[in-house]
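To start, the structure itself, in structure tokens.
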Amino acid sequence: MVSLLLFSILVVPVAVVQGDEMKAGQVGPVPKGGVCGSVDVRNSPAHLDRLKDCVVVEGFVHILLIDKYIDSSFENYSFPLLTEITEYLLLFRVNGLKSLRRLFPNLAVIRGDALVGDYAMVIYELMHIEEIGLISLMDITRGGVRIEKNPKLCFANTIDWKAMTVPGTNNYIKDNQKDNVCPICPAESTAVMLPNGSKQKCPAAPVRGGNKDHKRTLCWNANHCQTICPPECPKACSKTGVCCDAESCLGGCNLPNTSSCSVCRHLSIDPAGKRQCVAKCPPNTFKYHTRCVTRDECYAMKKPISLDSNPDLPDQPFIPHNGSCLMECPLDHELITELNKTRWCRKCSGTCPKRCEGSNIDNIQSAQLLKGCEIIDGSLEIQLRSRGGENIVKELENFLSSITEIKGYLKVVRSYPLLSLGFLKKLKIIHGKGNKVSNSSLYVVENQNLQELFDHNVTIGEGKLFFFNNPMLCTDRIKAVKKYNPGIEIENESQLESNNGDRAACSITELETSLKSIGSETAIIQWAPFTELSDARMLLGYVIYYIEAPYANVTFFDGRDACNTEGWRLDDISDFNMDKETTKILTQLKPYTQYAYYVKTYTLGSEGLGGQSKIKYFTTAPGTPSVVRDVEVSVNKNMLTVKWLPPLKMNGRLKEYEVFIELNADDNEQLMLRDYCEDDKLRDIVPETPTSAPPPKTSICTADQCRNYCKAPTSGGSTGTIDVTDKENQITFEDQLHNYVYIKNPLLRDKTTRRKRSTNLLFPNNTENKKNDTTDRRTEKVKDEPYYQYIFNATNETSITFPLSYFNHYSLYVFKIRACRHPGDPPAPSVRLVDVELACGNEVFENFRTPKKEGADDIPPESILIEEQSNNTQRQIRVQWKEPSKPNGPIVKFVVKYQRVDLESVSSTDICIRYSSFNQTRGALLTKLEPGNYSIRVMATTIAGDGAPSAARYVLIAKDDSMGTTLIWLGTLIVIFLCSVGFVAFYWYKYRYMSKQIRMYPEVNPDYAGVQYKVDDWEVERNHIIQLEELGQGSFGMVYKGILTQLRGEKCNQPCAIKTVNESATAREKDSFLLEASVMKQFNTHHVVRLLGVVSQGDPTLVIMELMANGDLKSYLRRHRPDYENGEDPSPQPPTLRQIIQMAIEIADGMAYLSAKKFVHRDLAARNCMVADDMTVKIGDFGMTRDIYETDYYRKGTKGFLPVRWMAPESLKDGIFSSSSDVFSYGVVLWEMATLASQPYQGLTNDQVLRYVIDGGVMERPENCPDNLYNLMRRCWQHRPTARPTFMEIISELLPDASPHFQDVAFYNSQDALDMLRGQHQTVIIDEATTPLRPGDDHDEEPGEDDDLVGHGEGHIGDVGTDDEFSMEMTNSHLVRNNGPMATIRSPHSPLR
């Protein structure tokens, strides 16, 4: 069924101009806010509103972690304006979402400027998605596609992803729905029409890699083909394959203008609200990503969301310069800030020094920020604490080699990787201005491997030199710097020999340290001041050393040699008070890890006197456990076992593993779209592109493994890659994905003022352990079943076992497993433990389908019924059976096998019945049989495969007696002849004599013939009714809402509708009022309004009916027009196409019941159908209903009111009413629903309508009405009554789109309906040459409700006004005279848009 979304797509056209040429008037305005930044949607579908009005998203789109929602939660969200995403699209764990077709119907391009790993589109662990549905997507400019672990996703392998991505891109598609239980691609699209009127053919996948035997059809779903552009315009054509302007367009265009691009290939510009494509930006505009902006727009650009956490970057950092909108000035330019804060880049005369603020280089990333800097307006500190990085000196040379001046000091401390300061190749002078470290401009301390200083002379402006504890640095290198700067002193010159270039031992005094507080990644260490020195100025500071120590056996010199990269980490403390205790916060620790630490002093004492503590140990607080690994579900005999590996990082003491299991029932509607009778042997689609991730860049494998890796693909499509490698890549990608998805909330801080970090932020007062309790702890069985919908359990082991009886056979289950830890314990009463991390890790999902149950698909043998239905013209057998009660998944077809057993060498014949067809017929008809003895067997097929054929049943078809047959034929002909003569004579007499005397109304049913109402069991005491507010005016009087407190002796409080008769009503009108109630007593079905009781004793007379809370269907439809003014915000949404189909089949079911009861409604219209609180539509208002129990029609007299706009031609011409005329009215009701209750035959007077319908005219198709719905209307409007379908046939046609609840309550599935269906003759429907009503319009006023009925006979058939702006337009038919002037078509509203 085509989604309603396709009728409401609004594509924003983009015109094409060349260079800086500006062509006005080519396209319409772009909505305000058409360009959006990155969008992150998580936790609720309501946040999707952030995409409203977005045409381009400059950044990424995240849709993540939306739990506990269903598909209807996404129905009201659609973003047809969005055509382009510049970075990537990521969907992760979004429940309820079945397709992206409604969300992004026009998304054409994903540019991939930034990627998730190597991928520009990731769809991962969406439990309910059934199709991708990005029907307009044509280009993924950079990066690949990763679609993984989506258990219900079909059509992932029917897309040629290579046609979208650049050559060499790796796409990864794995662990989705099996292709053999998915619908197949159609031969042609049902949604796209070519200019010549034919449907678009689905293309075949190109043959790549020589695999000519494997052919695939390319499509997005069962209705939409993938669009593959011709070679001359790759990725730039319309949906019908017409080439666009390939030089300017990307992703399609809007015909007939091939230059009206959906997305611009190069650049776009929006002058005066009209977008245009350009090859380069016009003057006075600046390039920003893929668009041109004005100077003011560039200044107004906000920094990307990915840089929000950088407080040093202004909120609006962009600068217009040289035709580009940049965040930084280019090389040889300097940033100028005017007094009015206007920022611009100025080219320097000659060499332009790039100035940068002082910085602390502690890793390569921080060094990268100084790339190109020449003058440091401040001090430069280098402290590389990392232990690795073989290219670190090359990186420093790349980023710091341009520095020529340092205004402050240069400090190089504890930089293990450095052998030389030669990476500062252009450094000329260190000015030493401002604050200094120990009054020194060059401060070099504790560099274990430093051997050289500068490879050229560097001038020291002010301050002194300070070198301390550089064991590999010779003092002559230090004195060489002093020699070049003779006026500069060395602060500790007398100690140079003892602590530089030598590992001289020092006199050590023990320091007392204590642990004050620990968190998962932090610890606070405290110690008393060192007071052993005679001169306090000789104490330069402290150094704290710490290292991971799992076994508490470390020594002072572990990892301290120059060659080892794994050793003590250290921090220096230069800010201390001699009179107070010193406190140090250790950061970047690992959770639940034991560390060793000690504290050492830095002194200037000539004796080498210093202080040092003992090595002590502490364990950090627990953290959040990482995810469990390698989940595996298996079944052994009658037990189901779940196994997994522990997390790589438990980050605490294991408390338990929580296991939550949820049944993911097979309710995939797409399953029924495939014809398993025709496509029975279709195998899984083998993607022609590799669906595995690329192998690591470097790997070691054995010779056998390498041979296996290089093997050609097997017949099953396996690429022969090493499973271990693929598994490692999956784990790596999942870790990357979690880093994108699960992020900590940043600490709140003032971005305008930098301040020292407070320990309260690292160690909050609230130390209560948090638990991410998202797992549903329910254990709940499926209603009336022995197996479970939800199972929750916990264990300390890495496996858990359940009885297989807990699970339904061959059903899909989602296993969610996570690890949980115990709360942390403080190591001592004096130590504060801060345990604020989540106690449970993230869940890992694993999908598993339980084994099939043997015998579950077998047909119950006692249910098979065989009935010979042979006659004189043909021999046939009716076979009926009941389906298996609990099959292995959904049933897709049945096969009936029959064979002659009285002859040898006669093979079996198979008849295949689709499951949807079986729901209508409940069996099969075997035709064209020869006389003989037959064996018959029935077999069911589910998604698990074929069941066992039933035991053979035998039936004998006897030969015909030729003489007996002849006599029967002769007798039949004689009887037919006599009946015909009598029939003609009777009607000749009737029309010649009786019609002159009296007009007869056949009333054959004795229940209907009486006039006097008789009290019966339906009588209700008046005091058992509570009357409430008015609901509206009925046919006989006011209708009230009420409550029925007692019904047939049983207490109840049932809401009801109370129909009254006017006080001025005559006795005849009261009898007619009660007569309607008498008619209702005979009805008992779900889709006809139910009578509850009658109050006939006393006045006023009351009829108690079932309450229909939403009123009549006509009013309901008009209330749901898009611009209906009801004072609500927002306005009610129009009913969807699926809802309209549901209403249509409910009305047809009610009418089928009336037809089976031999009732003709005569006034079927939207105003006479009622809408219940649960949106069920039922037949109501039987004021004109008549019982024709034994006759086939009812002839209306010449007086009264007739609803001419709903009446069939035979009713208008001859006054004949039958079930076929009700079918004609039913077609008009469908037209009303398609137009939200517009008036039929808009623009014609009632007299014109009467002549128009009698002459064969019908209404034109409503705007945006699907073919199947309008075809049904046309069949209902056949001029010949016998050519119209019956209501039972209508239900059969609409049944595949009906809700499951309909099957449970419908009359259609009752035994009476089945008998009625078997009794109907097959009728060939011929679309007669009728004249459709052509759309025009006029400007009359809205008619009143009484205009729906027209006085006929003695009353005048008066003119009727046209409907309001929602109406269908005036006719232009040659059958109607004096139509009046034609006018432009106004905006009709249809729910089918």
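Heads up, the Cβ atoms here are built off N, Cα and C, so glycines get one too.
Taken from Swiss-Prot, the feature signal peptide applies to 1-19.
Under the heading N-linked glycosylation site, Swiss-Prot lists Asn76 (among others). Around the Cβ of Asn76 (N-linked glycosylation site), a 10 Å sphere holds 11 further Cβ atoms from the protein chains shown. Mapped onto three states, the DSSP output places Asn76 (N-linked glycosylation site) in coil.
The N-linked glycosylation site annotation in Swiss-Prot covers Asn322 (among others) and is backed by sequence analysis. Listed in sequence order, Pro330, Cys345 are the same-chain residues six or more apart from Asn322 (N-linked glycosylation site) with CB atoms under 8 A from its CB.
Around Asn340 (N-linked glycosylation site), taking its Cβ as the centre, 5 other Cβ atoms fall within 10 Å, counting all chains. Secondary structure at Asn340 (N-linked glycosylation site), as computed by DSSP, is coil. What Swiss-Prot lists as N-linked glycosylation site is Asn340 (among others), and the listing cites sequence analysis.
Marked as N-linked glycosylation site by Swiss-Prot on the basis of sequence analysis: Asn439 (among others). For the recorded site, Asn439 (N-linked glycosylation site), the DSSP three-state label reads coil.
For Asn457 (N-linked glycosylation site), the same-chain residues lying six or more positions away in sequence with a CB closer than 8 A to its CB are Tyr484. The annotation N-linked glycosylation site is assigned in Swiss-Prot to Asn457 (among others) on the grounds of sequence analysis.
For the recorded site, Asn492 (N-linked glycosylation site), the DSSP three-state label reads coil. All protein chains considered, the CB of Asn492 (N-linked glycosylation site) has 21 other CB atoms within 10 Å. Residues or ranges marked as N-linked glycosylation site by Swiss-Prot: Asn492 (among others).
Summarising the annotation, Swiss-Prot assigns region 'Disordered' to 754-779 (among others).
Annotation comment: Swiss-Prot describes 768-779 as compositional bias 'Basic and acidic residues'.
The N-linked glycosylation site annotation in Swiss-Prot covers Asn772 (among others).
Look at Swiss-Prot and you will find Asn793 (among others) tagged as N-linked glycosylation site. Counting only residues at least six positions away in the same chain, the Cβ atoms of Glu658, Val659, Thr779, Ile800, Phe802 sit under 8 Å from the Cβ of Asn793 (N-linked glycosylation site).
The N-linked glycosylation site annotation in Swiss-Prot covers Asn796 (among others). In sequence order, Leu654, Lys655, Glu656, Tyr657 make up the list of same-chain residues 6 or more apart from Asn796 (N-linked glycosylation site) whose Cβ falls under 8 Å from its Cβ.
Residues annotated as N-linked glycosylation site in Swiss-Prot, with sequence analysis given as evidence: Asn871 (among others).
Sequence annotations record features per position, and here Swiss-Prot assigns N-linked glycosylation site to Asn919 (among others). Of all Cβ atoms in the shown protein chains, 18 besides its own fall within 10 Å of the Cβ of Asn919 (N-linked glycosylation site).
The Cβ of Asn933 (N-linked glycosylation site) has 13 other Cβ atoms within 10 Å, all protein chains considered. Sequence annotations record features per position, and here Swiss-Prot assigns N-linked glycosylation site to Asn933 (among others) based on sequence analysis.
Per Swiss-Prot, topological domain 'Cytoplasmic' is recorded for 988-1393.
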Inset, instruction - Identify which of the recorded positions Asn439, Gln1033 has its Cβ surrounded by the largest number of other Cβ atoms within 10 Å, counting every protein chain shown. - result: Asn439
Legend entry - Minimum Cα separation from Leu1031 (ATP binding site), reported as the residue among glycosylation sites Asn340, Asn492, Asn919, Asn933 that achieves it: Asn919
Legend entry - Mapped DSSP class for Asn457 (N-linked glycosylation site), helix or strand or coil: coil
Legend entry - Cα distance (Å, whole number) from Asn919 (N-linked glycosylation site) to Asn933 (N-linked glycosylation site): 29
Legend entry - Gly1037 (ATP binding site) CB neighbourhood, other CB atoms within 10 A: 19
Legend entry - Nonlocal neighbours by CB distance (under 8 Å) for Val1039 (ATP binding site), same chain, sequence gap 6 or more: Glu1030, Leu1031, Gly1032, Gln1033, Ala1057, Ile1058, Lys1059, Thr1060
Inset, instruction - Let me know the DSSP-derived helix, strand or coil state of Asn793 (N-linked glycosylation site), please. - result: strand
Inset, instruction - Among Asn76, Asn340, Asn439, Asn492, Asn919, these being the glycosylation sites, pick the one whose CA is nearest to that of Gly1037 (ATP binding site). - result: Asn76
Inset, instruction - Would you kindly give the Cα-Cα distance separating Asn919 (N-linked glycosylation site) and Asn340 (N-linked glycosylation site), rounded to the nearest Å? - result: 77
Legend entry - Integer mean pLDDT for the topological domain 'Cytoplasmic' (988-1393): 74
Inset, instruction - Going by DSSP, give the three-state secondary structure for Asn933 (N-linked glycosylation site). - result: strand
Legend entry - Integer Cα-Cα distance in angstrom, Asn492 (N-linked glycosylation site) to Asn76 (N-linked glycosylation site): 75
Legend entry - Asn919 (N-linked glycosylation site): secondary structure state under DSSP, collapsed to three categories: helix
